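Asker: According to TrEMBL, the coiled coil annotation covers 94-149. Summarising the annotation, TrEMBL assigns repeat 'TPR' to 226-259. The feature region 'Disordered' is assigned by TrEMBL to 539-678. The feature domain 'Signal recognition particle SRP72 subunit RNA-binding' is assigned by TrEMBL to 540-596. For 560-570, 662-678, the entry in TrEMBL reads compositional bias 'Basic residues'. The compositional bias 'Basic and acidic residues' feature in TrEMBL is assigned to 572-593. Look at TrEMBL and you will find 624-641 tagged as compositional bias 'Low complexity'.
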Amino acid sequence: AAAAAGGAGAAAALWSEVNRCGQNGDFARALKSVNKILQISKDDVTALQCKVVCLIQNGNFKEALGVINTHTKVLTSDVIAFEKAYCEYRLNRIENALKTIQSASQQTDKLKELYGQVLYRLERYDDCLAAYRDLIRNSQDEYEEERKTNLSAVVAAQSTWEKVMPEDLGLREATYELCYNSACALIGQGKLNEAMKKLQKAEAFFPFALIFLQDVTEEDIEAELAIIHGQMAYIMQLQGRTEDALQLYNQIIKLKPTDVGLLAVIANNIITINKDQNVFDSKKKVKLTNAEGVEHKLSKKQLQAIEFNKALLAMYTNQADQCRKLSASLQSQSPEHLLPVLIQAAQLCREKQHAKAVGLLQDFADQHPANAAEIKLTMAQLKIAQGSVTKACMILRSIEELQHKPGMVSALVTMYSHEEDIDSAIEVFTQAIQWYQQFQASQTRRANPKSPVHLSLIREAANFKLKHGRKKEAISDLEELWKQNPKDVHTLAQLISAYSLVDPEKAKVLSKHLPSSDTMSLKVDVDALENSHGATYVRKKAGKLTGDNQQKEQGQGDVKKKKKKKKGKLPKNYDPKVTPDPERWLPMRERSYYRGRKKGKKKDQVGKGTQGSTTAGSSELDASRTASSPPTSPRPGSAAAVSATSNVIPPRHQKPAGAPATKKKQQQKKKKGAKGGW
């Protein structure tokens, strides 16, 4: 009895210690006391609960969950459901946490709060929104602001990832978290300018009281603001301000924030800006996306985007095997997603395996008809790159949901025209026009006026047929257009022009419908038009003429009459007694007496013989001894030779039989500014 009393007294002292340490927040010391209590009574439910709480407070979630699973008989789900679910949630066992919460017999407020967090992590945003609304409606405590913040985060996630138009929750944006979540919702709607203003407001709300705390630097504050600045940079990137976005991204990375999710997103966005350039920097940044715990910080779509960019980076860095491995893994995770198969096809094209790439895309289109349109557009692009325009047209025409679209019709007509296949181009127009006729008939039984797109297609078809000489085929289209709008003079003129080549009588009848010249006269101010900027001819303004100017103006007609034609100048050495050469206007090579250039023998003798010896005709090669030697052409950069007045008759005034006259010796000017050098 005495021993039992002593044990009870020791246990009471230990419980007192546990209570005191718990109030002081010293859970490590409290855990020691609890362990001593469990040595006395190993199945004490209260002691086991306290131990689990102490372990959770110390961050030992795995050990706490181990205690719960070890003592399942004592710690039933009704007793410790919240602690078990919380440990599973913190260990990223989200599905297990959801099962634990749902299996609890009583849904306490704590479990409901945790339930909302679990649903958010599972990206079940509709259920999460309903859970938080219920909590806000039925709870009144100091955590109301946090619940509203979580509610706004759910709405932002719906807008961003599910493209759901967010409803107005009527939340007063009194904190920077609420402003930030509101900005994220606006980004999901594409309202980037409004989102930027919200982020600036969130930055202004940031608690700058941290500045007055000790041991807090500006870098610490910037690290806290990093998530807001990262979202600002993202908006800049979406707006095309890539340089500003890149600068802000790099500033955030230099601060080394502890949030691995934020760093992974920023690194991914930098990689998207770099694209196929600056791949060395991209390979460094991709390491940040592989940090431990990233997969638990980001949504599924964010993780998927990062994996896509890793595959593209592997392709840009010529890591073909790595690219194929990543894209194949992505395709197995999301079989209906387009990007994995497009990346594989792009890699095959880089390896010059175009036929294999087209086959891969065709297989995907057959397996997933819902996504076949985009795949077939890519196939057509590959065929055009190979020069197979006709095959590309066949692929495009197989996309039934796009056949009637104006862009598709324009592309097909252009391609068929390039291949000079006019019949196929006209067939494309006909099919598109028929589609609109059938669509209009299915909408209403009444004969409503045709849609603008329908009329535009008919007009383009008529213009195309007229351009390629298909007058008879164009007439029916023009008549249809004129029937829709009888006041359209342009269509009527085209119709008359077409009939004039086929049925002139019909053209005359239709010409009566043209408006008269009086009704078509345009009230145009000719003077204003001529004086307008851009007119090719501007009439000079008439000014006042003085007496002399008037006489000058009056006498201009006489001056023009008296003006005589100038006589052509004759050469100075022209001799009227000598008959001009009738072939003087022809080039020398085309004249009848041209015999070609004579090859002199002197040129052949230059440089022959032993070194230093002189030939017999060396004196004849000396230009200084020949008075009549013609001057040579000056070398580039040397002073040009000035020729004296020559008495030689030009060839066009000289007969072939005439003897050549001697030329005067030409003197060369000395080169000015010449200096001697070593």
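Cβ coordinates are placed from backbone N, Cα and C, and glycine is handled just like the others.
All annotation found in TrEMBL is predicted automatically rather than curated by experts.
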Asker: Do any residues, 6 or more residues outside the repeat 'TPR' (226-259), come within under 8 Å Cβ-to-Cβ of it, and if so which ones?
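Answerer: Answer is 176, 180, 183-184, 187, 192, 195-196, 199, 202-203, 206, 219, 265-267, 269-270, 272-273, 288, 297.
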Asker: What does DSSP give as the helix, strand and coil breakdown of the compositional bias 'Basic and acidic residues' (572-593)?
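Answerer: Taking the compositional bias 'Basic and acidic residues' (572-593) as a whole: 3 helix, 0 strand, 19 coil.
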Asker: By DSSP assignment, list the helix, strand and coil residue numbers for the repeat 'TPR' (226-259), in that order.
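Answerer: Its residues divide into 26 helix, 0 strand, 8 coil.
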